[in-house]
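Note sheet for the following structure.
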């Protein structure tokens, strides 16, 4: 750096100007901030609310509040513990050494404070400061901006009482859709462009969303030359079409004559090309512009074709002219394709502008602000264009006397501009604390260049020079790696400044090498596949951990004078896939582990599953949400289970019924109670526990708590579901709150598997880095932000990048990988294990960069060196080069007594973990009798009828997961026969879940007074919505008319019953105090009820718990016939045979018994009876009619009847 760097001394540094404090890993950053804060309160006599402290997360804010308050308490306790401390310096020193050994700052602070004022006055001021600490100005960056907007609303020109709102999808989607309507729908060329490229408002928004509300971005807008390029292409194509036959003949003549090289001209490829050209000419379209076609046409360009001929061959001038014409067409196609890319880029940039403007307009009339809005509003208010900007900056600066900004390496240009305008330009003391070597969050919007700009602007630079985390040889070993290069982090002005150590020796006993480097190839000389290396790295790492724990179990490896434990070990990985490999390898060695990360619980699969489940509750007919939920971690359905459910209308109806009951309970009792009932009914928690999935269960409970907390804010079910979706969206974009971070408290005793990003700020005695040799493929991004020398941040589409841009981008990506490596290596307290290997992209690997060449070698020079070896000896030479670089580095360190490296190629001993403390105990399940308690529960017919005792002969084929309905339909039956359309009838209509739902949907919305033909459009729409072809319309309409015109009560048909006399989809909730199974069996067996034997016998096999609670359900139709008869109608789509004659009373009796519909009929009758009784009406006789839709033909066929007298019904009503 151009500035001189001084050691940070909190008691003596000047409190003035702009100060940059670099806090390398483990150097006590929080301790330093607390010390400076305490000095400001004690020595500089500032009130606690006049010192601004800003950090970037709520968790960090909470930690800072605790540490700062504790520091003040320590000073007060010292003053109160030593009487007359100003004169009794020995007593004060003894107290400090006894209570705070090694704390030089506290001793120095007390000495200076007592020299300035009396002990009594100090005590009074400290007590006042501690008493006022709740008013301390310690904020997140968003909290700071929120206070500015609240306290200075007039100068900010914002509304008072701004409320925070979630950053929902709809907030951006609505303006994106507006843009689509206003800009694209009215522009035929733009509409055709987005259609060709399959763009939608959602896809375009997904691309540009990360760049919304980032006003510092500069766009590189390409010129729109699409119209001109298409005109040129059309002319070239028209010129070719008239000559296409001659061109093709000339090509094949040259090909068959052996002039064209077979290496570049493959016969099938050019046959396809000419076929496509002829097709385009015949259909009036432009020729194909896919990558393969463009490559084939490129071979025919005038500047390329001569290089593609066989040696000593040439083409006639006529043939050349013909083929060059196709090459020119290829150029025009490529030019048009390039201009399409430019036009699309312009559209997306215009969309980004439109959204930013729309959001600015929304804020004029709305009080809601997102977290991003808070920063943006303050930023905009401080811009020179705002007439109040200077007054605002002065007013905010006057509020605080000093500002301390923590974790400043994670800032961005917008945040730095805010602090710059308020504090730097107003000459207020500003301390920026951070470590550029640990700037690893660019994917969240952090910008290392903003930090570097602040470093350039700062007047004083300080560094924390002592590491409190690791011992000296480990610190020096890590330092040796990064000191191999003058620019160890590629970018200028990010240096590695050596630090000292508090501890000289390791706390491991016996001591182990500080840094172990394991070469994964052993003595092999040929490269290995990357997947093989990854597996080997995981296995070797697990073996080393098992060996270490076995040594500890035998008393041969201690940490802090106790045996080393699993919780002392961490394995750092970059991806969850790598973490899963480590976890599996450890599990096979009987070592328990946990994958930790700082991700939000809303990023978990459980959150996705709950969102789908709640969506299904709110929309029970939306079965795709059910299938998504069932296939997830909460239910664990595999493909076979989902297929079986798809074939079972009964099974699906059971889920729909359960969802309807859940939705009703949710409305009444809230989400937590509902999930308890639902989980008990479907065994969610039991399943998670039985799978050994403790992490999933923890996530599930944490999500329920968060949902319950939000539910208490008077959320309706629909709005709570929207809130959950918004949280998932925020988490996916890295914007989730700290209270949503996954809970990890129960994992302390396990080996930690931690992502490198999540490990920042953490530390572990033993750290293993098994995958740091893998450079990993850089993911292609649609957009890139590149930083220019003038300080601008330029947004470019991928296709706009030139060679210099690609070089800069590669440098920046390598720089971030090196910073991530630094974070990973510096987590270790006692020992660090690094795994090294060669893979094909080693020239982009961090260690390859650090170890190759001389100290001034650039990334490009290192890359060139490895590429040279690759050309000379392929992978083996490259691998030898990397291994030699490691060996040279290790040998050099062997001469350095301040480091302690070991390089090993041996295979670690394979072993399982055998703990000396724990022995394998064989447990046997306790014989605990079932508890006899009652509780209010919700159930339904489908919930009851699934519990059935089978005949002995039926037990093997019983499917207990299916409710009583059309579950007898076999998958093989759900196939439509190939029959002429004219012969199709309702008996050929597909069977299964979807068919049943479709027919119920039609009948629910049918006007029974009108013929089906009059409602054909509505019926066809229902068919189409459920995925059925129009060919079924005649058969379905015939069925509906039969249903309308078949007598159900006396001579009355459904078409005779007036709308005022019928109630479709009658919902009910019945409180049943004693719905007793024994009483039910006895009641159904009474001969005078007229139930068929099949139903009476089936009732004896019912086997559910007595109901003390609620029965829920819906009746398809309740109506009153002309003779006053009360009818309960239920539609059944069961398939009983190939024609109406199959729907005999006997067949229907068997179906009613098999699926326990008689029980459903009784429940429906009870519901109707209660309906009458609650209105003070006499109980009627209930005429139950089950309409088997496929069997109705105007006669009694297809109608199952059962009349329940009022006297019999009174037993239950």
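Quick reminder: no glycine exception, Cβ is built from N, Cα and C everywhere.
Binding of Mg(2+) is annotated in TrEMBL for 1000, 1130; the matching candidate from 1103, 1106, 1116 at the same site is 1116. For residue 25 (ATP binding site), the same-chain residues that are 6 or more apart in sequence and have a Cβ closer than 8 Å to its Cβ are 435, 437, 438, 467, 469, 822, 823, 826, 827.
A Cα-Cα distance of 67 Å separates residue 26 (ATP binding site) from residue 1000 (Mg(2+) binding site). Shown in sequence order, 1003, 1004, 1115, 1117, 1129, 1131, 1132, 1187 are the same-chain residues outside 1000, 1116, 1130 whose Cβ sits within 8 Å of the Cβ centre of the Mg(2+) site. In terms of C-alpha distance, the listed recorded positions 24, 27, 29, 1130 place 1130 closest to residue 1000 (Mg(2+) binding site). Most buried of the binding-site residues 24, 27, 30, judged by other Cβ atoms within 10 Å, is 24. Secondary structure at residue 30 (ATP binding site), as computed by DSSP, is helix.
Note: the Cα of residue 24 (ATP binding site) and the Cα of residue 1116 (Mg(2+) binding site) are spaced 71 Å from each other. Cβ neighbour count for residue 28 (ATP binding site) (all protein chains, 10 Å cutoff from its Cβ): 18. Following the DSSP three-state reduction, the secondary structure of residue 1000 (Mg(2+) binding site) is helix. Look at residue 23 (ATP binding site): DSSP puts it in coil. Separation of the C-alpha atoms of residue 23 (ATP binding site) and residue 1116 (Mg(2+) binding site): 71 Å, rounded to the nearest whole number.
In this structure, residue 1130 (active site, for nuclease activity) is part of a beta strand by DSSP.
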